[in-house]
Amino acid sequence: MQNFVTFSRNVFIPLTRACRNNCAYCGFKREINDKCVLLDKQSVVRLLRRGAASSCTEALFTFGEQPEEVDGFSDRLKKIGFDSFVDYLLECSRIAIKLGLLPHTNAGVLPDTDLLKLKSVNASMGLMLETVANLQAHNDSPGKNPEERIRFIETSGRYQIPFTTGILVGIGEDENDRINSLKVIADIHRRYGHIQEVIIQNFSPKPNTRMSDAPIPSTGVMLRTVSLARDILPPDVAVQVAPNLIHPKILIEHGACDLGGISPVTIDYINPEAAWPNARELADAIGVPLRERLPIYPEYIKAGWYSKEIKPLIDRLADKDGFRKVAFV
Ligand code: SF4
């Protein structure tokens, strides 16, 4: 077992907050007339430059699912000079690479053709499975159909994309659902070998949402879920917890070994109420050394699971073990 805990240093780019889904717990989505529903290129470049200047290695592109299905989105996109959202994302990803940041895209379920296009500019990609259960929280969210999400995670495996997935704890599922979700992820990894990490994320209620009064999962439930994840997932899959949502020390004692992306420059736009801890203070608080990694895990660097387009940057950033060459903790 490793005697350190890993994390990456990222800048969070909420490229669009338009989304075809309506999850009952979502505080991220914005209506089409909201001014932050779509970031223009200048704003993206500004964020990326700040990330690069703060020694980040990861450009985390996270946004609503299939925004082009939202009425009025294509017009907004045209106004900033693009006919297709995936083309805009590709351009922003290439700017990130030029500035020394490795893209990691969390786009929701995408058509296979878009996934293939994005593979060449991403060090890794992600999609939360969330749960295999059909829950009320997802009644109005076609993209949260578990079969759709499983199919997308499998396709990413067939394309050999290093991948992040996870489960969301406290959205109406029970322990059996959590066990079944983890078993599904474990099975996919055994078949395709591409799951680098699984996030065990606790639900955190947001004001003005349908689940604003729903209870948060207890520490006991989180401990048990992390332990289950460690038992069910293959040993080469990291168990990740979010250090801005829950104190990670006790979860690390139960099997968590990664803290995900921590940003020195941007907030967590999904959970804006939860500030990122400072990486050095976090290392002291958990009592375990932190080791900085890239958004692609060392095993996948060693196996060469990345494109020619990002190879020079990976060569520049990774040390001989596949972690970050010049780390800051
Ligand atoms: S898919 Fe994500 S952005 Fe869209 S409504 Fe659900 S939680 Fe919000």
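Glycine is no exception: its Cβ is also placed from the backbone N, Cα and C atoms.
Taken from TrEMBL, the feature domain 'Radical SAM core' covers 5-244. The [4Fe-4S] cluster binding site annotation in TrEMBL covers Cys19, Cys23, Cys26.
Cβ atoms within 8 Å of the centroid of the Cβ atoms of Cys19, Cys23, Cys26 (the [4Fe-4S] cluster site) belong to the same-chain residues Asn21, Asn22, Tyr25, Phe28, Lys29, Gly64, Glu65, Ser141, site residues excluded. In the predicted model, residues of the domain 'Radical SAM core' (5-244) average a pLDDT of 97.
For Cys26 ([4Fe-4S] cluster binding site), the Cβ neighbour count at a 10 Å cut-off comes to 18, with all displayed protein chains included.
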